[in-house]
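Taken straight from TrEMBL:
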DOMAIN    59-525  domain 'Amidase'
ACT_SITE  105  active site, charge relay system
BINDING   154, 180, 201, 202, 203, 204  substrate binding site
ACT_SITE  180  active site, charge relay system
ACT_SITE  204  active site, acyl-ester intermediate
C-alpha cells in the first residue's frame, strides 16, 4: 500500500514537472482560454491544426494536477501519454478525438497499469493490454493521460479505498463526488479533464455526474465493449453493467459515442452489435412524447429533486413537447428481488471473498457483513426486523444463497418485468422518459449508510435501458427550508439518515435523469440535449 501511495505521489510530481517544463518553454500560451473551449470546438481546432496538441495536453496536465491536489481524484499519471502525444503529431489519419486528453477510471484496463478496484490484492498486477474502449480511443487519436480513483469493490456510490484514500467533491470538499466513477466525476467536474470514461452497474456514472454538476450517459449494457474492464461482481447477469462517458455537456458525450461506435470497436469486439452512431435520430427536431414521474415511492425525493423534475417538465411543455405522467409501481420489489438478490445471488459469497486479506471492509459495510452471516442468522434477523424495519428485513432476505434453478427463474422474472415495463411505455406511446436523479451530493461517508437510495438509478440497470443525467438547477434556500419536513415513505433509520445527508446543500447542483428504450442512445442524448438547452 505504501508503495502504491508513493507511486501516486510520484505521479503528481511528474505531472507538476511536465506542466512546469511546458510553461517555461511556452510562456505566452493562454492556458485559461484553452481550458475554456468546449470539447467539440477543441477537437475541431486540434484537427484543423489551429491549436497545437501539446498546448492542450499540458494545459490539462496542469489543471488535472490542481484538481487532484484539491480532491485526491487521480491514482496514476500514464507516463506513456507523453510518448503518445509525440506520436499523435505524426499521425496520418486524424480520428474524431485527435489530440484530446482523456481520463480513465481505475477499473478500465490500461496496458502496464493496475486496475485495483481499491483492493490491495490487485496491486502490482499490471494489465497485459488495453481494454477495447481504450484501444478505440487511441485509434481515434485520443490520449488517455490519468487513471482515477474508485471506492473499494466498486459496489458503492462514495469514493474511498484503503490504498488511495477518499476523493472529495470539487464543488464542496465535505461532500462525496459520488461513485463508483467518483475520481472521474471530481476530475471532469473540477475541469481537470474534458472527457472521462467510467462504468455503471447501479448508478456509478450517473451519481458522480449528478453530484459534481456534469453530464454522463449509461448506455445499454452491450452498446460499448466491456472487454478488459474489471467488474465489481464478476459474471453476474441479473443487473446490467455498462461503460460510458462523462463530460461537461451533452454535445461532448455525443462526440465521444460517435468516436467509440466505430468499425474499430466492432472489429476488436465482435460481441458488440455493429450499430454506428445514428446522426439522424440525434439531430432530429420533431417534438417528443415524454413520460415522467416525480417519485418512485421508495426513496422520497428531496425538495430540490422534485422541483428539478417539475421545472424541466414545464420547460419541455412550453417548448412544444408532450408530457405524460408515468405510473411507477413496485420499485421496492425491483430493488430487493432483482437488484440486491441478482447481484448477490450466491448469498454474497464471491463478494465477501474479494475482501479476504484486505485490511478493512470499506464503504460496502452492510453488504459485506450480510455476505458473511450464516443462513440461519439471516433468516432470524429478517423475521425479527420485519415489523420494525421492513426494508432491512427485505435486504437480508434478498441476500440469501440461491440454487441454480432459483437464479434462472430470477433471470426469467427480470425479463418479464422488462417486457411489462416496455408495454406500459408503448401503451402511452412514449419516446423517452424524464425521471428524478438522487441529489444534491451527500456528505462523505453517507452513501455507505444509504445503499437503499440507489433506487432511482439502479432500476435502469435492471431494465438495461440507456439513461443519462443532466444538471438542471441548484439547491435554493427554499429547498433547504422544505427539507425540514422530509419524512420519507418508510420513516425508518434510512429515511432519517437521508434527510440528514441532504442538509446544508444550498448552491449544490441537482440533475434529472433522461431515459430511452434499449439501444436508443442517440434518442436519449437528443432528449438530454433538449433538457440542457432549455
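Backbone N, Cα and C define each Cβ position, glycine as well.
Structure coloured by features recorded in TrEMBL.
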{"residue": "105", "record": "active site, charge relay system", "Cβ within 10 Å": "28"}
{"residue": "154", "record": "substrate binding site", "Cβ within 10 Å": "28"}
{"residue": "180", "record": "substrate binding site", "Cβ within 10 Å": "35"}
{"residue": "201", "record": "substrate binding site", "Cβ within 10 Å": "25"}
{"residue": "202", "record": "substrate binding site", "Cβ within 10 Å": "29"}
{"residue": "203", "record": "substrate binding site", "Cβ within 10 Å": "30"}
{"residue": "204", "record": "substrate binding site", "Cβ within 10 Å": "34"}
Record-annotated substrate contacts 154, 180, 201, 202, 203, 204; largest Cα to Cα distance in whole Å is 11
Nearest-integer angstrom distance between the alpha carbons (Cα) of residue 105 (active site, charge relay system) and residue 203 (substrate binding site): 15
Averaged over the domain 'Amidase' (59-525), the pLDDT of the predicted model comes to 96
Taking the mean position of the Cβ atoms of 154, 180, 201, 202, 203, 204 as the substrate site, which residues outside that list, in the same chain, have a Cβ no more than 8 Å away, listed in sequence order? 155, 156, 157, 179, 181, 199, 200, 205, 207, 232, 241
